[in-house]
């Protein structure tokens, strides 16, 4: 382990806290107001960064399975009314669509950062899709 520099400190003797004098009147202090404690608040952005790290570490699906399955069936119903799906097929569709969306949001975030912003906007997503040659 690397050696670190130690700074000189003034040596201070430990002192016990003084007891209050008994001659003071005990009733002069204001009574405590309700005892309501404020809830702890993190600095803005701390929880967002924690959430980002949590989801980047995990490999779980981000969208719930049943709502995604209903969406797939609704879209398929518009194309052909008598389509049936294996559960593995819907799982593969969900994996692929989530990977696509995550990558799109990463590119969108890069576009926002390039514009010296931290908030993504629709025009960032349009630029990301245009650079990918996906659409207008």
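Every residue gets a Cβ built from N, Cα and C, even glycine.
Among the features that Swiss-Prot reports, compositional bias 'Low complexity' is placed at 1-16. Look at Swiss-Prot and you will find 1-43 tagged as region 'Disordered'. Sequence annotations record features per position, and here Swiss-Prot assigns citrulline to 3 (among others). Marked as N6-methyllysine by Swiss-Prot on the basis of similarity to another entry: 5, 24 (among others). Feature annotation from Swiss-Prot assigns N6-acetyllysine to 5, 10, 28 (among others). Annotation comment: Swiss-Prot describes 24 (among others) as N6-glutaryllysine. The N6,N6-dimethyllysine annotation in Swiss-Prot covers 28 (among others). The annotation N6-(2-hydroxyisobutyryl)lysine is assigned in Swiss-Prot to 37 (among others) on the grounds of similarity to another entry. As annotated by Swiss-Prot, N6,N6,N6-trimethyllysine applies to 37, 57 (among others), with the evidence given as similarity to another entry. Annotation source Swiss-Prot lists N6-crotonyllysine at 57 (among others).
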Inter-residue Cα distance where the pair is residue 57 (N6,N6,N6-trimethyllysine) and residue 5 (N6-methyllysine), in Å: 36
Protein Cβ atoms within 10 Å of residue 3 (citrulline), excluding its own: 5
Distant-in-sequence Cβ neighbours of residue 37 (N6-(2-hydroxyisobutyryl)lysine), under 8 Å, six or more positions away: none
Lowest local Cβ density (other Cβ within 10 Å) among modified residues: 5, 57: 5
Residue 3 (citrulline) versus residue 57 (N6,N6,N6-trimethyllysine) - Cα distance in angstrom: 34
